[in-house]
Every structure is written in C-alpha cells, then in structure tokens.
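First up is the structure itself, then whatever we jot down about it.
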Protein chains: 2
Amino acid sequence: MKNNQFAIRPTDFKTQLSELREIQFLDQDNESETDTIKLWKSFLSKSFLEAQTSSVLEEKLQTYMATSDMNLDEYLDSATNVTVEAFYNVALQLLKFNPDVDFSFDAPLAAMKKIQLLVADHQKDTFTTDELKSAWYWLLATHNKTGQTFIDSLATKGYFTRFYGKINKPMLFNGKTLPVFDPHQLIREVVYVESPQDSDHDGKRDLLKAEILRPKETENGLKVPVLYTASPYNQGTNDETGEKLTHDVNVPLKHKQPNDLKYSDIEYNDPKTPLPKARNINGQTKHAEETFSRESSYTMNDYFLARGFAVIYMAGIGTKDSDGLRTTGDPEETTSTISIIKWLTGQLPAFTNRTDNIQITAWWSNQKVAMTGRSYLGTLATAAATTGVTGLKTVISEAAISSWYDYYRDGGLVIAPGGFPGEDADVLAEETFSRRLQPGDFHKIKDEWNEQIKDIYQGEDRNSGDYNTFWDARNYHKNFKNITADVFMVHGLNDWNVKPRNVERLWNGIKHNGVTQKIILHQGQHIYINAFRSIDYSDIINLWLTHELLGVDNHAKEIIPNVIVQDNTKPETWTAYKDWASAENEQVNYNLSADKLVTEKSPKATHTFTDQLPENVFNLYRDHNDTWEHDLIATDTKLANNQLTFKTDALADDLTINGKTTVNLKVSSNENIGLLSFQLIDYGKAKRLNVSPSILGKNALAGTYDWREDDLREFTAGKETPFKMITKGHLNLQNRENNYKVDELKPNVFYNVSVELQPTFYKLLKGHQLGLIVYATDFGMTVRGNQNIEYTVQLDDSSLIVPTHTN
Amino acid sequence: MKNNQFAIRPTDFKTQLSELREIQFLDQDNESETDTIKLWKSFLSKSFLEAQTSSVLEEKLQTYMATSDMNLDEYLDSATNVTVEAFYNVALQLLKFNPDVDFSFDAPLAAMKKIQLLVADHQKDTFTTDELKSAWYWLLATHNKTGQTFIDSLATKGYFTRFYGKINKPMLFNGKTLPVFDPHQLIREVVYVESPQDSDHDGKRDLLKAEILRPKETENGLKVPVLYTASPYNQGTNDETGEKLTHDVNVPLKHKQPNDLKYSDIEYNDPKTPLPKARNINGQTKHAEETFSRESSYTMNDYFLARGFAVIYMAGIGTKDSDGLRTTGDPEETTSTISIIKWLTGQLPAFTNRTDNIQITAWWSNQKVAMTGRSYLGTLATAAATTGVTGLKTVISEAAISSWYDYYRDGGLVIAPGGFPGEDADVLAEETFSRRLQPGDFHKIKDEWNEQIKDIYQGEDRNSGDYNTFWDARNYHKNFKNITADVFMVHGLNDWNVKPRNVERLWNGIKHNGVTQKIILHQGQHIYINAFRSIDYSDIINLWLTHELLGVDNHAKEIIPNVIVQDNTKPETWTAYKDWASAENEQVNYNLSADKLVTEKSPKATHTFTDQLPENVFNLYRDHNDTWEHDLIATDTKLANNQLTFKTDALADDLTINGKTTVNLKVSSNENIGLLSFQLIDYGKAKRLNVSPSILGKNALAGTYDWREDDLREFTAGKETPFKMITKGHLNLQNRENNYKVDELKPNVFYNVSVELQPTFYKLLKGHQLGLIVYATDFGMTVRGNQNIEYTVQLDDSSLIVPTHTN
C-alpha cells in the first residue's frame, strides 16, 4: 500500500517538545531522561493503554520484534541504544504493518520510504534522546495501515479520555485538534430561527428548525465554532411520492419554435416580495426547550464533535418541523440556508419553540462557521457562500451543484443526473418536502404545496430544455463575485450525477475574489472521501478548520496544496498541482479523418449515422443502460451504424487531459430536430480503478474512543478492461448559440456547432488510443424517442481540441 | 409492508398494569385517571421525549392527525372520548407509517390488520380507561416501520436512561429485557483462561485470552448471564498468507485405488495425549490487569449489552494473545471453545496475565451461558453443545457447520464452499492463525506452525475427497447425543457456503435428546438476520434468552414456533410450522423420460452427455462462474450437450418441497473416473426474492440511546427471472456406497447410484415446472479438469424422489 499525507505541518523541535508535553507523552518523569532505551520504553508504556500493570506491558512488548531475531522486550532489556532500524521495525508494527506482507525486519527504512511514511531526522544509526523525542513526535503524526494517524489510533483506544471535563480550550497536535471533549456529554438542543422570508405565504415569517450539538464545556464559558450542514434530506424524505412524480423519458425530441431571446429577456430579478413583520419577542432565555436523540449525521462532522466544534444540522424551508415550501435551489432556499449563520452571528433571532416567542441566542458561539456536506448539501454551502454572509469563514463543498441548469439540463436538452432518468427539480422538491411526514402539519399546507409543485413543473419546462428565468434563479455563478469565504472543493472525476462542470465553474469562477481556494479531485463517483485509506482527508480538513475557525496560525493555507488529483492509472496515488482546467493550458488539435483522430489536415468527406434502433434492441437498451453503455464503446460495436467513432493511433507518450475538451462539428440532421452526444474514450487494456470504493474494514474508523464509526474505504483496481469513458457532452442542434436562444434547424443543412465536454483530469498511458464517439440518444441521460433521424458530419470541417497537462 | 412478530407474549391485564407501572408509563398521577382523553395525553406526553415544555409538546401533538380533518392537539382539546379509530390513526403515525403510502385516516384498523400489527381488545368504538391502558401496552409491544418495537424506539430516544445506575436487576416488558444499563459504563476486562490442552506442544497448558464486557452494576452485586461468542476471526485474520495457500481447482479428477474400508478403520479416537500440569496459583484477585477499547462485536450482542447481560469474545487456540495452534474444528478446538464456560462456572482457572499466575474468578457470573454467532462462530457453538458442558444453557447456532466434511467435501469429492473455490481446512487455519499478527509471538512458534499446516494438508487429503480420520475428528454428529443445551438454529435456504445439510443433520439429529429445539429458515445466503424489518428476530432471541439465562417464566418455549420458514414466493412472509425435513413427509416419485419428469412408468432409453468443453468456453466459465451458472440453467442452453435436463409439465397446483430430494440413477462413465452433479430447478417467470438483503436504512437500528447501530435490512423482490436453482448435490462415482469406501468404476458399465441433494423448503407455484439437471463439472464447487468423459444414464432405471409438504 501507499500512504499520502498532505496535512503534516513542519514543526520545529522546540514546538515538538511542548506539544509532547501537553499531550503528556513527555512529563517530569521522562523529559530529562538521558538513556534512550528508557525514554523509548516510557513512550511505549504510554501507548499500550490496555496494559494496566507492568507484567501485562512486558507481555505486550514481547509480541513485537525489534530486530529479525529479538523481541522488543528483550531488546529493551539488553540494548544500550535505540537503533534507527529497531525503532522503525517497531514503528511499522505499531502502525499495523505486517512483516509477512508489508516490510522486512532487515530493511524497515526501505519500507517506510516505499509506503511513504514519515522518517525523522537522525545523524547516525542510533537515535540521540532529542532525535528519539522527535522521532516519536513524527510517529504520532504518521498514518497507519487503517487510515488513521498513530495519535488518532491512540485516541480510539482511550488516550484522551483523561482530559475529559478538565480542559477549557481545544488541544492541538501538529496543527490539528485532538478529541479531548466527551462526545457522550454533548448538549443537544433545538432552536427555531426566524428567517426573513415567507415562502409558504401564510403571512408569517418562516420558522426553521435547527439541531445543535455542542460540547458540554460551552456551559462553562468555552466558545466554539460551528460546522454547519444544510441538508434538505436530514428530516426524512418522501421516496414513494417523489418516485410517483418521476417523468417519462421515453418520449420524442420535439421541434422548438425559434426565438430571438437575449439574456436580459430571461434574466431572473428579485421580485421584492413584501415581507411579513418579524415576531414580537416575548422574552429571553439561555436554555432550549426541545432536544433530540440521534441526528442524521455526516461522519466527518462526528469526527469533529469530540474536538471542540459544535455541529448544526438544518433542513430548511419546507422540511419537517420548519415552515415554508421546497423550491429546489432558488434564492428563497439560499435565504433559508444562511438564516442559521445570521443567528449564530447575532443578526437574526431564534426561538425556543414555535409558539411562545421566547428568544434564545447562540451565546456559546465564537461566531465562526464552516459549512460541510456533499451533493445538495454542498450545493447549499456554495449558495450560502455566494451571499457573502458574515461569519461564514469557509465552505467545504463536496460534489456540489453550482448551477441547477448544469444538473438537470445541458445545451438546450433535458439531461438527467446519471442514474436518475426522469428526475427533475419538481421530483427533488417533492422528495425533500418532509413536512409531508407530519400529517398534522401537511394537512394545513397541502393545497399550497400542490400549487408549488405545479409552479416548479411549469418553471423547469421539460418541453424545451432551454435555460430560462427558472434556471437563472438557480444559477449561483451569477453571485460568485460575492464569495468572501474560503472555498474547499471536493469532486469525483467520475461523478456523472453532479457533473464536473459544476465544480470547474466554481474553481475558475472565483479566482479573482481574493479568497483561498483548494480542490481535491478523486477518481470516484458521487461519494464522500473522508474515510479513505490512501489520503489523509480528515487530517486535511482538521488542519483547514483549525485555521479557519479557531484562528490557529498553523499554515494550513500554505501546507495544503491548491490542487490534489488522484491518479487514474494507479491505486493510492495522489498528486499536488498548482491549478486545474486553466484556460492557459496547451492544447492538442485533432482533425477527423475517416475513423481516425489525426493532427494533419483531413481530406474532404462526410459520414452519416442514424439514431433509430430496431424495437427489440431499443427496448433492451432502455431497460439496461449499462449494456447500452458497454455496446456503445465496445470495438466490435453492435451500434456501428448508430455512431461515428474516431481514434488516434496508439499514443507514443502518455497524454494527460487537463480541463475542458471541445468538439467542433459541421453537422446536419435530416429533420428539423436533432440532438448530439459525445464521449471521449480511453482505448487500451488496463486494470483501472473501480469508481465505487471497496470497504477495507467495516466500522474500522472510529472518531475517538467509544464513539461513532465509519467504514474504511479505498478505490481498488478492478479487472482488466479494454476501454473507459473519460468524459461526455450533449447538445440540442437548435441551441447552437446558447442555452436560451432557439435557432432554426433546416433539414439537411450543415451547421457549425461547438460543444464543451465536461472538464476532467485524465491520463492516457502510452500505447493507448484516444477516441471520440459522436452519437445521438444517450440512454442514461437524454430523452429516448427512437426517432428516425439521420445525422451527417462534414469531417474536414470538424475538430477535437484537447487541453493538456504538460509538466 | 407486512410485519411478522413471533415474540409477543400473551399478557393478562393485571400484569400489563404492573409492567406499565414499572416502566413508569403509569404512575400516581395518571393511574386513577377516569378521563380517557387525559389518560391518553399523559401517555403521549411521556413518549415525546424531545419536548421539555408543554408548548413544545402541544406543537408536536399538532403534527399528528387524529382523524382525517382534526389534528391530535385539537382532538385532545375537543373530544370527550378516545375513539378506537383516532387511537390507531395516531398509533400508525407513532409507528412511522405514512398516510400517503401505508394507510388511510378513514380506516386505520384495516391497515393495522393488513400490516399485521397488534390491535387491542375493545367493546365499542371508544376505549374505556382499562381498554386504553391495554391498548397502550400493546402499542409499546408492536413493531414499527423501521423494525423495532415502539418501546425500543422510545429506548433509542432515551426513555430508559432515567434508570441508569438506579437499578440492580433486569427490567422486563412483555417477557423481554429492557435497556436499563448504561452501555458507556461497561467494564471491559481481559482474562487468560488456562485450558486443559497443550495444542502447541510447548509443555505448558494453553492460556486463552477472553474479552469480557459486563454492566458496571455487577460491581455492586448484580449477577449476570453471559452471551459468549467464540470467534476465530475476532483478533484479526491473515488474508494475504491465507490467500497464498488457496488450492488450484483447475486440476483433473483422478482415479482412486478401490479399497475395502469399514468405518472402524477410519474412526477418530482420542489419542489421550498426556497433559502438562496445571500452573501453580500464586494469588487471587477480583480485578483484571488488562482492558481493551473496541472489541470486534456482533450487533446482536451489542443489543443485549444494555439489557443486563455480559458479553464475552474469545478467539481460541492459535489466535492473537492466546497459546496453541489452529486446527480447523477438531476436538482440540472444542476443548479450547468450552474452557471459558468452565471458567464461568468455576471449573477452570483464569489468570490476570500470562506471567504471574494470579487467579481471577468470574465472581459476577450467574453461571448461565448462551453461545451466539454465525458460520464458524455458530459451528463452535454447536461443537461446544456436543460436550454437554455444564452452564451452557443454549446455543444460537446461525449458518453453522455440523460436520466439516459437509463443508469442504461431498460424496467423495472436494466440494468448495460456494464462492470460495480452492479453500480448504489448511487455508482456513492459516487465515485464522492470528498469532502471526504479533511478530514477537510468531517468531517463537513459526516452525511448529509450518509443521501444523503440513499436517492439516496431509489430513484433509484433497487427492481423494474421501471421508477419513481427519474429517471424522471434525464431525460433530458423533456427539449430538451429548447435547443437553437447548438449540436455536438459523440458516439460509440459499446458503451455498455452509450448505443446508449442516443444519438439517443437527435439526434431525437431536430430536431424542429431550432438549428444546427451534429453527428459523430464511431465504438468504450466509448472513445474519438480526436487523431485518419483517421478522422480530432480536425480540425472539430476547424472549428466548430472558427465559434461558435469567430463568424468567415467560413461556418462550411455547410462544416461539418450533419452525419458522420465510416464504420464497412473496416478500415479508414468515410462517410457523411444526417440523422440517421430517422422514415422514410424503413423497412424489418422478421417473425420467426423454426430457421430462413424469409420474407414469418411462420407456427404455439411454441418454448421454459429455463433460468436455472447447478451451475458450471452458476458460470463460472458469473465470466467470456466474455466467456458467446462468448458461447451465437457461432454456436456450449453450450447454445442451454437456448436461441432461428433465422437466415436469406445468404444475397443476403449488408444490412445496420439504426436506431432502433423492436422485436415483443408473449411470455409466466411459472412463474409470467420474463425478456427477445435480441441480433441482424452479422453471417459471416470477419476481423472486434477492438472496442478498437490501439496506432499507443505513445505521437505522440502534441498540438503545446513543449506542451502536446497525443497518436495517430486508429481502426485497428483484426483477422477474425465468428460473431459480432450488438445491444441488454431488457424487464421485467411485463412492457409490459411502464417503470413505472407494469402489471400482469400470468404463462403460452401468452402476446404480443414489444421491441425497441438499435439504430445502421451497414452494413452486402452480404453472411452474420442476426441473432436474444432471451434469458433471460444477464450476463453482468441483475440480475443473475439462476431461473428455462421457456419461450415459439409463433413464428407465432412474428416478427423482421429492419429499413434499402437504398442509
């Protein structure tokens, strides 16, 4: 295996000593020790927490080997010095590496290097006491075989319970917080924030429920920052009624009436609805009246709950125990989302219940907030950031939507999130409308809700697929300029649910805001990465939040690389880069020639394909999208007549695509309608990473001692495959200029179109071929009309522009 | 959905009242209440644990509907009586059922009946106070939509934390224990039991490590029973070195030298090895010297940890921190397994560490033990039961092996556990030999271990596949007669890892022991069923153990049906029966005629098939066992020449197979070797249950408040399939008489063979066809020699005997 740690803070020796003292590895009994053997034994004895007597400790020491023929107990009894080799032999065992599999007792340093573990400085083959202290420090900071630093693995064994109840500020090690607050003593309280909106039009400002978990120590003066997760799913979902709204995608593509719209014609403008008066405040209290037992939590938040952070979950307008209606991402939802931040910073009131108007303040808050969460949750974090709300120091936006048009539409087409054909903004609104789960509440709002669903359905306009006022209201790009929070992005390069364009626009859209921005691009789909073995994600976020929310000068902004990309060609490999998808990247221009991608000029030629399939084949692909996906790309393609495929020769060198590939095509349809789809393919046999992570250990990652656990995961290499889809794109031929202006499409007339494929970072290995497939119906994403449409491409007037990464 | 509760104890009204008082739903404030509305409100107010003031409570009541147009708060304010309909409308909501999906406010009783929920007795349309108290009692005992009783769902919200530290005996409700002991205050201690064996031959009795979790209240005099899980995996596994030992199964079947062995020739007899002396005891203590942080736990044990039970995990000989060597199920391992039970009952000493010989007794034990666990764990529970050891009151033996020959062999053939071709007793020994994980310990024992692995390899004898002394030592049937513990069995009818024969032999093997025996047969593979929604398994085991270990007269033995079988034709349907696989079941005899199974006499005919495949086809099936499995059964079979298939006409009525089907065949091979495989098939289009459960809710099942969680699961119906394998069997044609005697096989001579297929309980629906496939190489289980062998069956001298279930 290979370890990748990006969150290690360089630390001078003096600071190492003071940290070792604070966490009690150094104390008055051992800090002046001059015998390295005795010093080492004192460190070890503090690590074997299970041993409560010296006999048991000796027995444990006997189970480790210090050299190839001497166990640790014997070594400590007989050696006069701690050799570097003995230290790292034992270190590797403490880190759960196995001599039968991972290393040899003859060469521990070689293994440390190979696995990419931290080795401390040393002048000779044996450690001085100072070197040994430093080596122990770095050992504590090093990741083990199960995805935790050694110090965090000691935490799960109970090392830090000694500090429970005895500490009134966060404790730090190597720039990151430690779990010194008892998670079973957390205070759990509910407040109702009065949000400045009336989204259900009942003449009263919406009250929104928030679930708060904070360390008990806040009752005694500790001020804490907040990790806030805005999750519309958090209070439950309506899977059955949502499912019922799902749209039929086996419908034909329709001709659209050409128009001459300009952006100003469809631009969304705040309707400036008059706002009901705020509630009269009848009193003040410091104590909540409502509690809760088990919140629907995000495991990364759980990890921080013992480390001196509060965590808040809020589901927002239209969810269980809150007022309002679901809107799927419009400005009302953004207002709802940031209301809790305004409460935390004293800008909005909250009440202890929905009736009595007794105000409760966030008197325990240090007024610094980070938002966390994936998908819709990360989306709302991004939305919140675009308001520039005070107190929001950073958002960690994972797999987040940055414009809802880029989630449900593309190029004038209805394009489903991968795996969810027929889903749309109305379906998602219904699914998250958890007020339905409380029949007594739903009874009051039923008619209003039915109207709302109709309005969303009208607004989303599945008939045209065009960008319109509805989508403009849900486009966060417009307000990127207002972002003042630092932004930490995480996205999967194989995420076909929230497609990579969403994060690329955010990444490139805030470069002039003057905020710090970081991004991690992994090889997964639509997943969390906080429990992976090969990257220290929790540590990175710990370093980041310790800086952002606790104001600790730990150099997080300098230490964490701006861009970290997981390599797609080998497991457990993550690389730091300066930028991603920069407009300044070099490009390779390919021309289309017969079935080839070539760099020389191509001869005059046209190629034609038809979209229609025999009914039985169509039905097969309709019901089995994965079979279609395979057959489309397979070289012995069953879809030869239904696509055009162009391939480069075998690559003479590795080729890394970095950014947005563009397809320029001169193309005609034999009808007055047309849609085109594109896939970029890596052809070449290779064992590729599975896009879904494997579970290495069920419940193997605990946040701390006797606390919630997560499964340890990793992207592992699958069986050899002959090809892999790199990226894709779509276009309605009636939207050649942009997404809102509808163009005429005359049958059999050639038009020039230019399509930007989803951005990526992808390495094709030497000997592989880069391929482009041009086709029409995308069984996983577009409508599936099985219409008799023929497309003809003028090859010599078409090209493929590939942005590359050159260093 | 449909609920199936088997663990409800009929309870008279007086007992209901006293239980409601004990758990504090009735108290001096409400027990004399004559107004049913006020009484109901008092029950409700005790259930909304999140509401800490009356305002919040009112708000919560407003979110429930009592009738189709009045919410619960309004109803309580205006009604003068509690109608049965209003009560069950609210009950359904409290149980998390949804009026949009599961029920209508106009007919709650119809929904209660349909979902199979408990409805209390009532004389009229409104409840009297007594009826209401009783209705509340039964509501508490009823399962909700997420697989828990209402009272357990209140527990997860914190209802019982009020009793923490204030109680000195288990608290019961409806015959089952409640979570009144704080799981975060558990005492965790390690002891080393001195087992009367020296399995690593170092001249000292083996010390075996046990991890104990017991309620803190034991320190103050509470005596508790023990749930003991013997798990060889518990201290870690050697996946890599185990994998290396895995055997090649792409080898030819070999001719075996005929012999004339009798059972007495191969019978295992205790070698009566002299035993080293017991250690001298140097002192006594009540307190352990070693603790542990997170045991590798079984979620069902976790559920009991807050309910007044201790839990012990022990991995046994040859595992980390213990002495000895792994043996894969022989009498040494049984001795190891029961040593902790002997300690718990004062028959063996344990020590606080491995060095000082300070004895520690189980002074907190009530001397009653149950064993739990699945697969190897359940196997050791069965093994322990066969010793008749004192103190072992019951074993809950899930998916357990009852003879290791039936796990790794069948009919004179090497037959792999499904999904693990090439695994064998030596591989499993290596995988579980966790002493390897401690290099300091492994260093001492390495040579001894290498010898042991060689010995196991010799003993298992992959060359013959015959039953021999090695397997006889690992056959627990021989000692079934000694079982005095009650036995609770659980097995999957689709478990092709530990095949159903293992449980059937146990079920039918102890019928004359005078013990109580229960069995649950589910439609899954090799899985746990303690987190399923449609059956109250945890409640059943709670009722069972409350009786067995706490001695409570709760009628568990009468209430729990002897046999519960999950229906294979529809979801969420579990049925009680009196017996399974009884020798007295009626039979249907089918004859083989051309490609049919017929009940009339069949004409004289022979049919032939060959086992050999073209190399490319062989390689495909070798690498993709699932493709082979499909192609073997598919009607347009690609394997038509490599098998014989016989089908009944479409069945005129449902046919339920109950027990062991027998195939009688007159057959010849054209070589002096031969193996036959058989599958019984259900042909007919149907939506069948998936054999792997679906996750309905991640972490949705908590054992109690702020405690460990499990995923809620269920077997859901998959897509329509045209057929399903019911059961299978195998035979080496040289083992026609039995598994140890090798017969001559002359080429082209016909022999009579009789093969018992794996037992099952399977319903074929009317209109379906029962099919028998006769073939040779089983790509998932047998060796795969791709040899040129032809088999000929004399159809008119062959038959299929199907045991049926007739009521």
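Each position is counted from 1, following the chain as shown.
Yeah, the Cβs are placed from backbone N, Cα and C, and that goes for glycine too.
TrEMBL does not curate its annotations; it predicts them automatically.
Since this is a predicted model, take the numbers as computed values, not measurements.
Per TrEMBL, the feature domain 'X-Prolyl dipeptidyl aminopeptidase PepX N-terminal' maps to A:1-159. According to TrEMBL, the region 'Disordered' annotation covers A:261-280. Under the heading active site, charge relay system, TrEMBL lists A:Ser375, A:Asp495, A:His526. The feature domain 'Xaa-Pro dipeptidyl-peptidase C-terminal' is assigned by TrEMBL to A:542-801.
Across the region 'Disordered' (A:261-280), DSSP assigns 4 helix, 0 strand, 16 coil.
On the 0 to 100 pLDDT scale, the model's mean across the domain 'Xaa-Pro dipeptidyl-peptidase C-terminal' (A:542-801) is 96.
With respect to their backbone Cα atoms, A:Asp495 (active site, charge relay system) and A:Ser375 (active site, charge relay system) stand 10 Å from each other.
Sequence-distant neighbours of A:Ser375 (active site, charge relay system): residues of the same chain at least 6 apart with a C-beta under 8 Å from its C-beta are A:Glu398, A:Ala399, A:Ala400, A:Ile401, A:Asn497, A:Val498, A:His526. In the structure as shown, the Cβ atom of A:His526 (active site, charge relay system) sits within 10 Å of 21 other Cβ atoms.
Neighbour density for A:Asp495 (active site, charge relay system): within 10 A of its CB lie 23 other CB atoms from the protein chains shown.
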